[in-house]
Amino acid sequence: MSTPSDQHNTLSAGKCPFHQGNSNQTAGGGTSSRDWWPNQLRVELLAQHSNRTNPLGDDFNYRKAFSELDYAALKADLKALLTDSQPWWPADWGSYTGLFIRMAWHSAGTYRSADGRGGAGRGQQRFAPLNSWPDNVSLDKARRLLWPVKQKYGQKISWADLFILAGNVALENSGFRTFGFGAGREDVWEPDMDVNWGDEKNWLEHRHPESLAQAPLGATEMGLIYVNPEGPNHSGDPASAAPAIRATFGNMGMNDEETVALIAGGHTLGKTHGAAAANHVGVDPEAAPIEAQGLGWHSSFGSGAGADAITSGLEVTWTQTPTQWSNYFFENLFKYEWVQTRSPAGAIQFEAVDAPEIIPDPFDPSKKRKPTMLVTDLTLRFDPEFEKISRRFLNDPQAFNEAFARAWYKLTHRDMGPKARYIGPEVPKEDLIWQDPLPAAIYQPTQADIDSLKAEIASAGLTVSELISVAWASASTFRGGDKRGGANGARLALAPQRDWDVNASAARALATLEAIQRTANKASLADIIVLAGVVGVEQAAKAAGVEITVPFAPGRVDARQDQTDVALFEFLKPKADGFRNYRGVRSSTPTESLLIDKAQQLTLTAPELTVLVGGMRALGANYDASAHGVFTDRVGVLSTDFFVNLLDMRYEWKATDATAEVFEGRDRESGEVKYTATRADLVFGSNSVLRSFAEVYASQDAHEKFVKDFVAAWTKVMNLDRFDIQ
């Protein structure tokens, strides 16, 4: 017979999960749904950066806080910081100039024109993966050096703005005259999970330059900002690096002149660090132990800092005055003959074989070195087109200074959107084409004007579907990443947007609205287009038995064609727009994932996505006037029919062909085809999260709520680019 003691021992040996204290029951622990279903639709991307993660609360206004900042005092403190060398991370030549320029560059340099994501606008360098990228080694120290300044000024200056301003001050302190600085970057409080950094699983995997043109990636290797400084795949060949350089800088919207200026300007100051082999360097900040307090890459070589520092593994100092602006980069590039050598860490670099020792040692004034350069620096001499520009800058330092000032400004402000978002005393007056400039408003419609225009639009013979389609086509180009696109400017009427196939269904309505604008002669076409959507929604709601006034904020203006860079606006052409049941060039990305991507660009939540798709299907707003997803026999009525019929078990769905892109919904009893749908429709019944929202709107008590929610989400999209009223 067993005793209580025996029973206790048996339970202990079996490790009863209820009382042993070693079960991983912490929040978020254990196997997740994504472990079981790795291709699960990422609806959670639409919940990023909510107020629940913002410690500053709903009432915080960054623009107001910045207006109370002593800007001159801040810049003075940054200038003092540059030469306040800290023993835990000693400054090269007693100055953090190069370090802060690199921090600013790498903060901004993740931007990609293709999808507008990345860039400096959110202060993402604080978070993974960027805080631990191989190309960002030691920038954790730069951010810690900045902390006393950030701590002093608190929320009057965001981290995102501070990173860039610190780089500007570093340049100015070196004797360079910058083009200006615009603040207005608001911090977020968690990593951007929507950015596709690539599919590679290992750091520094090589990408062919041609592949970069087919994906919104900004670097030739996973974990780099731009290109491998040792040449493609560590080739050591300067000439072969030219395609990669053009591809990566081109993905940011930089031309050859801007590219040369940025490379040379960025390498006029500071140095790289490669005192010893990389095996001395510890884990990155995200992998570091808790006592490291967010710092990574601890080095076991010597002191691990100062003269013993290891970052890229390259040991290069470009110029004789690494803390003072000069034209020595180009002078050295063309004056000397360069031979391939290796750094103490074993990285491929070049040394000026016929040069005297003219480069000062960063910590021992009695020592000098020969000039050294990166493999990719020499590309500026050995690529024919880059060489022409480089020689011009060699012979005309002022042209170089002007080109770098403008290119640096573009680099660091590229993802900020229109100049209306810029704040601060150093914003340049000049409008630049990459800012998508708009003319000043010359007339503000009165309420009487608005009422008159609404009546004229309503009597113009346009259907609800046409009114909705033209307004959506105008507003839905907005991208939350770089704040480009949107209805303001009425660029729907300009090249290239007027010629996009996705906008073909808006052509008749656009022509009608242009005629109304010519007769009105006061209101902008941009306002009239949005007002057309207002009329359409109000008509559709009334037809559904709900009287509602759709909010409308006048004040938009009309851009000119010469204010519109056609090539840059081509990036705004949607690859897919599930709200209109549009999908362009086929890819391996599922249609429903592209729908989530589009909603994320429009800063929509999952409920907003759901109500908008359901409403637009009821209003017949498909780009090609197809019946896909139009689960109603009363098109143009703002009804919940889409949800009711999608969730109705009378229908079963089958793909029409092997692509499984289009489906037929058949009556289970008769076999009759009742509806057709795309993946962008059926996902609201198949995905468990989206279905939960669809069930709300399919309920019998949801009709009025649906109309109100649709109006709110619709108005949000129409005003996404109205930074003047936000």
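Placed from the backbone N, Cα and C atoms, the Cβ positions cover glycine too.
Positions annotated as region 'Disordered' by Swiss-Prot: 1-34. The annotation compositional bias 'Polar residues' is assigned in Swiss-Prot to 1-12. As annotated by Swiss-Prot, site 'Transition state stabilizer' applies to R102. Annotated active site, proton acceptor per Swiss-Prot: H106, in sequence order, evidence recorded as sequence analysis. Residues annotated as heme b binding site in Swiss-Prot: H267.
The secondary structure of R102 (site 'Transition state stabilizer'), as reduced to three states from DSSP, is helical.
Of the listed recorded positions R102, H106, H267, the Cβ environment within 10 Å is emptiest of other Cβ atoms at H106. Look at H267 (heme b binding site): DSSP puts it in coil.
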